[in-house]
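Written below as structure tokens is the structure these notes are about.
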Amino acid sequence: MSLAQTIMPEGYIFPPKPVPLTQNEQGEYKARIKQLLQEKNAVLVAHYYTDPEIQALAEETGGCVADSLEMARFGTRHDADMIIVAGVRFMGETAKILTPNKTVVMPTLEATCSLDIGCPVDEFSAFCDQHPDRTVVVYANTSTAVKARADWIVTSSCALEIVEHLDELGEKIIWGPDKHLGSYIQKNTGADMIMWNGACIVHDEFKTKALKDMKALHPDAGVLVHPESPEEIVALADAVGSTSQLIKAAQTMSNKKFIVATDRGIFYKMQQLCPDKEFFAAPTAGEGASCKTCAHCPWMAMNGLKAIEEALIDPKGKEVFVDMDLREGALKSLNRMLDFTATMAK
């Protein structure tokens, strides 16, 4: 395995945490948003990492709470004129790529992703040009321009199977941008892969020694790990998988306690589906370090009720647009993934 040398820019300033709302304020916002969703024939699609009140609102209004793959599928099936995407920028762009005739709006277009930031298209494209014999496989957590440069798009719920398929065909792979997920896939498939050197700031913070200490305190707890985590964290897992796969593991495993190494936004759905089980966030501090994200994506946290209401009242400045030429290339890569995952489901 080899790594390209570009990582997320140093000194990047993360967005401030939003001011929390009181229960009464949440109720008032929710009531107004529900009315606006009806008036605009709009549907709310939320990622598992958004805050609990956002996920609850999506469920209450007939929307969708899901991983990025199912979020992409949902918008194509729904008859709404407007899709409100509560997540990060690449999710809104993916929705627009797949449903160009619908209005796609986000609570804020500033909600980005460290993997996207750390994979600028010019540098990534130049890296790909150095290896013209390789198939370019990129994680969904990337811009439309990077997707257009790729041969395949994958999410964490299908990446292993798609790379395994390509390896069986004898293809050599360029993988980007998450080095930890790439390392996990390479280890499990044996595929010939060269990696871009990106990482998720949330998963990259999990601490190995602190997790071992937590396991010692809760020896009966199962450890659930997202493969965006460092290799040393993955090695301590009882189950490794995407958000939807980790939720399923929490449901099916016999443990009554779980230590979870992914964004703590996932606890809403885990606790909803497993009310008799207890969940602990894997440690992101310790070993002489304090946490920056503390197991919650700062950009996911930008998707507040106030921002959703504002986007519905006036989408100007919050609507997602993609370059139509880039869309064509990105759509081909996305459709390869969607077609492949459709065969997986059979």
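Note that Cβ sites are derived from N, Cα and C of the backbone, with glycine treated the same way.
Model, not experiment: these values are computed from the prediction.
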Out of Ser68, Ser125, Ser254, Swiss-Prot lists as part of the iminosuccinate site with His47, Tyr139, Ala140, Asn141, Ser156, His226, Pro227, Glu228, Thr243 the residue Ser68
Expressed in Å to no decimal places, the gap between the Cα atoms of His226 (iminosuccinate binding site) and Cys297 ([4Fe-4S] cluster binding site) is 14
Here the Cα-Cα span from Cys297 ([4Fe-4S] cluster binding site) to His47 (iminosuccinate binding site), rounded to a whole number of angstrom, reaches 12
Residues lining the [4Fe-4S] cluster site besides Cys113, Cys200, Cys297 (CB within 8 A of their CB center) are Tyr49, Val88, Ser114, Leu115, Asn141, Ile201, Val202, His203, Asp263, Trp299, Met300
So Glu228 (iminosuccinate binding site), by the Cβ count within 10 Å over all chains shown, scores 28
Expressed in Å to no decimal places, the gap between the Cα atoms of Asn141 (iminosuccinate binding site) and Cys200 ([4Fe-4S] cluster binding site) is 10
